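Each remark here refers to the structure printed beneath this line.
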Amino acid sequence: MHLLIAAAGSGKRMGANCNKLLLKVAGRSVLAWTLDAVKRSNSISWIGIVGQPSDKEAIVSIFDECALQAKWINGGDSRQESVQLGLEGLPLDAKHVLIHDGARCLVEPELFDKCSEMLRQGVSVIAATPVIDTIKKVSLDGFINKTFNRAELWAAQTPQGFNVEQLRQGHKKALVNNWTVTDDASLFEKLGWPVKILESSPSNIKVTTPFDLLIADALLSSRGAD
């Protein structure tokens, strides 16, 4: 299976002056923990890392540390643009691709394998977890105007897996129609293309804020203790 790792983000919401994937958590970089899970999966045979040129040296050194090989792909100004560029960097024979946020360092290796299996069966798939909080829609002036049915709500995660050619077609349509999406499942949704949910662990968080870093540190440290 081909895997694209999104690593072109910044550390703005983290309050850091560097890419959050380079920050230390439980003694290692965020990205190193993610790569450790990739390495322990059974399905990943090719890795592309989509990042900013300014981070290339640091990120490549983490791959060396983890004894993994990857193709470097320069990312864009948004996640959407970075995925487009990542698709251009895939090998010509790539039929399926998993896309994973490099900041989801708590991902379990088996999740890559389960997504890969569904994808090989012809099913577009995303990892997700049921929402446990009650979700409110709020007006601009702060008043509640709708409560959603929690039973129908899932929090989207990664990996997300798609047929390569179909995903390329989707991104072309997005460019033509000037659509902006925050993940590729949203793009498929706009086009009416089915995507299946694969339930994953609530621990598969995206490390985005200082609080996330504390949670990740505690969970990764506890895994080591076990």
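Glycine too: its Cβ is placed from the backbone N, Cα and C atoms.
For R13, K20, the entry in Swiss-Prot reads site 'Transition state stabilizer'. Per Swiss-Prot, the feature site 'Positions MEP for the nucleophilic attack' maps to R150, K206; the stated evidence is sequence analysis.
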Task: Please state whether DSSP places K20 (site 'Transition state stabilizer') in a helix, a strand or coil.
output: helix
- request: Mind giving me a neighbour count for K20 (site 'Transition state stabilizer')? Other Cβ atoms within 10 Å of its Cβ, every protein chain shown.
  value: 26
